[in-house]
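Asker: Per Swiss-Prot, the features are:
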- ASN41: N-linked glycosylation site (CARBOHYD)
- ASN72: N-linked glycosylation site (CARBOHYD)
- ASN79: N-linked glycosylation site (CARBOHYD)
- ASN108: N-linked glycosylation site (CARBOHYD)
- ASN144: N-linked glycosylation site (CARBOHYD)
- ASN220: N-linked glycosylation site (CARBOHYD)
- ASN245: N-linked glycosylation site (CARBOHYD)
- 1-20: signal peptide (SIGNAL)
- 286-306: transmembrane segment (TRANSMEM)
Amino acid sequence: MGTNVVRVFVILYLLAVCGCIEYDVDDNVHICTHTDVSHINHTSWYYNDKVIALATEDKTSGYISSFIKRVNISLTCLNISSLRYEDSGTYKGVSHLKDGVIVTTTMNISVKANIIDLTGRVRYLTRNYCEVKIRCEITSFALNGSTTPPHMILGTVDKWKYLPFPTDDYRYVGELKRYISGNPYPTESLALEISSTFNRFTIVKNLNDDEFSCYLFSQNYSFHKMLNARHICESEWKALNNNDNASSMPASHNNLANDLSSMMSQLQNDNDDNNDYSAPMNVDNLIMIVLITMLSIILVIIVVIAAISMYKKSKYRHIDN
């Protein structure tokens, strides 16, 4: 009995402080209406004001895909197992009773998780020089019962920045013996940035010098994420080198290649022309020779006929005399 009273007090206190109930990843949550199920005609369930399911006396339909394997929905309850960070939000059940009355049940859920967003962006780049800005942001974290404010560190062994979390946003609750955060998390202030420069031809003796780490420390736990900033520069240098190689070929080389290609194409066309038209040209010559020969024969025949005709006329003229 005493445990239940404390639990109810904790829930009410959290609702009063942050308007939500905090859960850890993989917890189970039950959102239920206290209306007698026999009085309910149907219930519509919402997640962040979007309908996710409709429950009737006969069936429930309309589950969204991310909930299918982890949710159980009925007329009176929405149960989610194995909570994920992205399950955070506002859940609402609107029950339509058989007498026309509408009953609404709402719960704001905040799922605590340790999430670090560590990114690198090139600010300045030449063929030999590269400057990268590394940014680390804590997008979510679980304090796990810590009684001291957390803090974050970004950098390498030799170069780093430190940031304590503001206690105004992360308050210590004596009854709970731990720090709590609001909903949504005021993560806009939980970020660090640091810049680093790299020379392309510098010999790297220790790979850890280029590894940037972002840590979140608390009283009894920590978690971190790592990023090799030099790899970002090397990728940009490789892309720059590829672009240089692609554009370094002189125009004359391109023109020469084009000329050679054109010459080869012309030679091929000439060969094709010769192959296509050499036979017709020989036939024409043969026809001309035949025509000349026939004309010569005809001319000879005409001359012979003329000679015979002249000979006969001469003979007849001699007889008459």
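Using the three backbone atoms N, Cα and C, a Cβ is placed for every residue, glycine included.
What's the neighbourhood like for each of these?
Answerer: Within the same chain, residues at least six positions away from ASN41 (N-linked glycosylation site) with a Cβ under 8 Å of its Cβ are THR56, GLU57, HIS96, LEU97, LYS98.
The Cβ of ASN72 (N-linked glycosylation site) lies under 8 Å from the Cβ of LEU78, ASN79, SER81, each of these being in the same chain and 6 or more residues away along the sequence.
Over all protein chains present, the Cβ of ASN79 (N-linked glycosylation site) has 14 other Cβ atoms lying within 10 Å.
Residue density at ASN108 (N-linked glycosylation site): 17 other Cβ atoms are found within 10 A of its Cβ, drawing on all protein chains shown. Reduced to three states, the DSSP call for ASN108 (N-linked glycosylation site) is strand.
Taking the Cβ of ASN245 (N-linked glycosylation site) as centre and 10 Å as the limit, one finds 9 other Cβ atoms among all the protein chains shown. Look at ASN245 (N-linked glycosylation site): DSSP puts it in a helix.
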Asker: Round to the nearest Å and give the CA-to-CA distance linking ASN108 (N-linked glycosylation site) with ASN245 (N-linked glycosylation site).
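Answerer: A Cα-Cα distance of 57 Å.
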